[in-house]
Amino acid sequence: MTHVTEEETPHGRHMGVTDVIMMIVQRIIGSGIFAVSSMIYRDVGGSPALFFLVWLISGYSSYAGLMCFSELGSVIPRSGGLKVFLPIIYEKPYMMINVVFGIFIVIFGSIIANVMIFGEYLLYALGYPDGEFMDTYYRPIGFAFLTLVSIMLLISTKFVVRLQTITGILKIILLCAVSLMGLTVLILPSRVTHIPNNLHAKDFFSIKTQVTVGSFTSAVMKGIFSFNGWHTIHNVLGEIKDPVKTMRIAAPLSIFLINLCYFLINITYLIVIPSDELLEIDEMVGLVLFEKFFGDSFGKIILSALIAFSVGGNIVTVLYHISRINQEIFREGFLPFSKMGATNYPFKTPIGSLLVPFVITTSFLLIPTSSSIFNYTINMESYPTQIFFGLACFGIIILRKRSPDIIPSIKASYFDIGFMIIFSVAMFLGPLVKPDQSQFPGLPNYAYTSIVILLLCMLYWLLMFKLVPRLLNYRLEKHEETLYDGLTITKWEKIKDVNSTYEPISDV
């Protein structure tokens, strides 16, 4: 028994266990594992024990979150993820959570950071150093790749899913190959590798520099960044074959694979790179690792190619998910041009929903903007997302109390739920209690900006569903319209009624 019936989409159910595992792998693994490890090591005072504790906590957070969402997906088996979960849980005020979350997601649905990283590291891989050529061409290259991916997504969804699966398998193989670099140092004598083993049992629990609660928390935040994206598979739940059975296998297995790769790569960092050097690294720690094995020039080329490949796969997956959740939002009909945004015409792919992130990302690429603006925008997107995560996980408790007769096919533990709620609250309060103004000089606290944007989204809901109907004496009546491909969308009709009232409903 579920809170809503399953819904068949025009895209069909075409994704099996392997496809889902590789989609999660592609979404999570980007450039983070090659960038943040040295910063985490510095935050924990150079202690290997605390270093691995941070990665353990970060890895568990992705597992706990995915299990919470898997429970929600088993009782609300539709595509859309948070967009579907939140309205079922929070029915009142009517349509408010739909509108606030929907507008926020559409506005911030860009992949600008990944597109720019791809262009930059592809040029590095081709042997171009920092300079005028790099500054001139990394954005056009990112745009060209974005266009190519968008065209592929428009023409054939199934082809893109198969491509993601193949490249995801290759990504796992490449990461395992990187981790073997550390094992060669352990197994082979240093006279062969010319690299000494820098990880010793006697130093495992030692702390070389001061560690505070704040620095440890900062380390955990960086670790969690490397697992970002675990939730997005539920945006395409309606395209998964036997979703409950598939997610029961794919969810824990994908997180296990990612954690295993991350653990092996991190232990390789500690084996190959001396502790004092690791504490001083400000650039990508992966670059230092590859330079020690392959030399300065060749090592940089290999790592850059690996990062470009990894981020490229991530772009394909993210754009795929954004187009699907945008389509679910446009189907609700409260945004302008919703029918155009929801349509699958002419290739049975969501062309309108895909066009939105393409235009937003392209605009950022064309407008000369400093990197701090990009980072500020990313923080503005990430901050409200943590609020929505917390609301969704708390919603599991609400649904269990509201409908005790509905037994989830996949059930998260109360420890998983509690961990996610506490973590979301901490992420919400942190930037408000102790904001870091030095990060974005001249700009307001991104947390306050995010809250203002959410309030503006709420104002849109208030005007559309409350104030304007009351002032003009009409009520909005919800009707379903079926498109040529069988996709249903919502159409809001104005019905003259002096005493207009709204009753909450639990369907999506």
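Including glycine, each Cβ sits where the backbone N, Cα and C put it.
TrEMBL annotations:
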{"type": "TRANSMEM", "residues": "20-40", "note": "transmembrane segment"}
{"type": "TRANSMEM", "residues": "52-73", "note": "transmembrane segment"}
{"type": "TRANSMEM", "residues": "94-117", "note": "transmembrane segment"}
{"type": "TRANSMEM", "residues": "137-156", "note": "transmembrane segment"}
{"type": "TRANSMEM", "residues": "168-189", "note": "transmembrane segment"}
{"type": "TRANSMEM", "residues": "209-228", "note": "transmembrane segment"}
{"type": "TRANSMEM", "residues": "249-272", "note": "transmembrane segment"}
{"type": "TRANSMEM", "residues": "301-322", "note": "transmembrane segment"}
{"type": "TRANSMEM", "residues": "354-377", "note": "transmembrane segment"}
{"type": "TRANSMEM", "residues": "383-400", "note": "transmembrane segment"}
{"type": "TRANSMEM", "residues": "412-433", "note": "transmembrane segment"}
{"type": "TRANSMEM", "residues": "445-465", "note": "transmembrane segment"}
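With a cut-off of 8 Å on Cβ pairs spaced 6 or more residues apart, the transmembrane segment (249-272) and the transmembrane segment (168-189) reach 3 or more such pairs and are scored as touching. As a quick check, the transmembrane segment (445-465) and the transmembrane segment (383-400) clear the bar of 3 or more Cβ pairs under 8 A, pairs 6 or more apart, so the two touch. Between the transmembrane segment (20-40) and the listed ranges 52-73, 209-228, 301-322, 383-400, 412-433, the one holding the most Cβ pairs under 8 Å is 301-322. Using the rule of three or more Cβ pairs under 8 Å, pairs at least 6 apart in sequence, the transmembrane segment (412-433) is not in contact with the transmembrane segment (137-156). Take the transmembrane segment (209-228) and the stretches 52-73, 94-117, 301-322, 383-400: counting Cβ pairs under 8 Å, 52-73 has the most.
With respect to Cβ pairs under 8 Å, the transmembrane segment (383-400) is most closely packed against 52-73, considering the stretches 52-73, 94-117, 137-156, 168-189. Taking pairs at least six residues apart, the transmembrane segment (94-117) and the transmembrane segment (168-189) share fewer than three Cβ pairs below 8 Å and do not count as touching. Sequence-distant contacts of the transmembrane segment (168-189) (same chain, at least 6 residues past either end, Cβ-Cβ under 8 Å): 21-23, 25-26, 29, 33, 195-197, 257, 261, 264-265, 267-269, 271-272, 286, 289, 293, 306, 309-310, 313.
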